[in-house]
Each structure stands twice: as structure tokens, then as C-alpha cells.
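Just below is one structure, and these are the notes that go with it.
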Amino acid sequence: MGGQVRVAIVGAGGRMGRTLIEAAYHQEHILLGAAIERAGSSLVGVDAGELAGVGKLNVIIMDSLDYATDDFDVLIDFTAPDASIVHLDWCVRHKKAMVIGTTGFNQAQKIQINAFAEQTPVVMAPNMSVGVNLMWKLLELAAEVMGDYTDIEIIEGHHRHKKDAPSGTALKMGEVIAKTLGRDLEKCAVYGREGITGERDRETIGFATIRAGDLVGEHTAMFADIGERLEITHKASSRMTFANGAMRAARWVVEQKPGLYDMQQVLGLN
């Protein structure tokens with residue numbers, strides 16, 4: 001991965017967008033080529049570096065990718081499902097690689113992403129933290145050893161502004177555990193409990209969601225038996241961990257053939 005990779009960041013004015021700009025500034029092998037905000041945003045025309053608090057970068061926030069076609073190699077997108085689909089379509093038409101950190105896609109949108117990825121390289125992951133991706137590997141081992149005789153619960157917490165629940169990371173945790181145990185998550189997942197629920201079914205995987213304050217992201221998988229329980233927890237204290245992972249993915253994906261990849265592949269954990 002020699003030389004600099006030029007990245008464009010959409011949703012540049014949001015919390016994650018500003019963190020991505022800061023991460024790009026601090027990474028030796030990354031060059032911020034473009035920063036995009038929605039049409040009509042008051043941030044259009046602002047210097048991206050000044051917005052992110054790293055000083056002037058001479059990268060002016062624009063309101064369309066069409067103005068930046070020649071300025072970047074990889075698009076980084078942590079926006080919203082509908083917007084990400086539009087951006088991916090643009091990347092296919094302009095032969096750009098893409099890193100997607102957006103969560104909350106429905107099944108139809110996932111099918112669209114798979115189809116688009118046949119024409120351009122895409123890394124998509126619900127969480128780009130190195131620690132979270134290692135946690136998924138640990139969950140495989142825990143499920144293999146303890147999953148068939150323990151009650152499995154997944155608890156996640158995020159800031160009050162997060163729009164989807166459970167988080168994409170929590171759902172991925174459930175998918176990893178269910179796949180390891182030969183279960184179908186759509187059939188065994190229980191999302192919240194209320195009222196008289198009856199005795200717990202050992203085959204289920206429970207999900208609990210917290211939305212409060214400025215929690216960046218906390219995820220715990222509990223394997224509970226009589227007399228003991230194992231908890232595997234990841235806590236993010238800053239969005240920078242996700243941004244740094246996205247930069248790592250950008251450097252990696254630009255050298256790949258068309259296809260849909262995840263952070264496990266970026267990190268060599270597969």
C-alpha cells in the first residue's frame with residue numbers, strides 16, 4: 001500500500017464526518033481530496049480542515065460529488081441508508097472504490113449493494129474498530145465452547161442521536177453467534193421483553209438496547225450458565241477508533257478487484 005490514497009468524505013459536517021476529516025489529516029498515507037455536504041447546508045463553502053479543528057486544508061466543502069470527480073480515489077460514507085445507495089451508484093458510474101460505515105440497511109438495499117459491488121470494490125462493515133472486529137472472532141470461540149448450554153444476551157448502548165436499533169454491531173454479534181451455532185438469527189432473536197414472557201427458550205438470542213447521553217458505543221455479549229457467566233465487552237471512548245479503521249479500509253480497498261468486502265478481510269482476520 002505505497003503512496004497516498006485520496007479520500008472523499010460525504011456527510012462531512014456531521015459528528016462522524018468531522019472525525020473522519022481529522023483522521024485523514026493525521027494519517028501519513030491518506031490525503032483528503034474532497035468533502036461533501038448536502039445541498040443547502042450552511043457548511044458548503046467552509047474549509048473542511050477548519051470545520052474539523054485541524055486548521056486550513058484548502059479543501060472546500062461542496063454540495064455534490066460531481067464537482068470532485070477527479071479529486072479522490074475512495075469515497076468514505078457514514079451517512080444514511082438511502083444516501084449511501086445513491087453514493088454507491090455514483091461510485092460505480094465513476095469507477096471509484098467505496099468504504100461504507102452506514103448501518104440500518106434493509107434487505108432490498110443490501111441486495112442493491114451486492115449488485116453494485118460486482119462493478120467496483122466496496123468495504124462495508126457495521127463497525128470499523130479493530131477491537132470490535134477482534135471481538136467477533138472471540139465470539140465465535142465462545143459460541144463454539146459455551147453456546148449450546150448457556151443463555152445468550154447481547155446488550156448495546158449508544159448516544160441519544162443514533163437512529164437505528166439494535167445497532168449494526170449488535171446485529172453482527174448475533175449473526176456471528178447464530179452462524180457458529182447453526183441457528184437462524186431471524187428465527188431465534190428476541191428484541192426486548194415486556195409483560196409475562198414465560199420461561200426463557202435456550203435457543204433464543206436476546207437483544208437489549210440503551211440510548212442515552214453521549215455514549216459512543218458499548219457492546220456486551222453474555223453467555224450465562226448456572227453458577228457462572230462469560231461477558232465479552234467492547235467500549236469505544238471516541239469516534240476516532242471508527243475513523244481510523246475507515247482510513248485503513250480505504251488504503252486496502254483501493255487495491256482490490258470489484259467485490260463486497262468487510263473489515264475482517266481488511267484486517268486479515270478471515
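Yeah, the Cβs are placed from backbone N, Cα and C, and that goes for glycine too.
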Per Swiss-Prot, member of Glu37, Glu140, Glu144, Glu153 binding NAD(+) alongside Gly11, Ala12, Gly13, Gly14, Arg15, Met16, Gly101, Thr102, Thr103, Ala125, Pro126, Asn127, Met128: Glu37
Additional residues surrounding (S)-2,3,4,5-tetrahydrodipicolinate, by Cβ distance to the His159, Gly168, Thr169 centre under 8 Å: Thr103, Pro126, Asn127, Glu156, His158, Lys162, Asp164, Ser167, Ala170, Gly217, His219
Top Cα neighbour of His158 (active site, proton donor/acceptor) in the set of binding-site residues Gly11, Gly13, Arg15, Arg38: Arg15
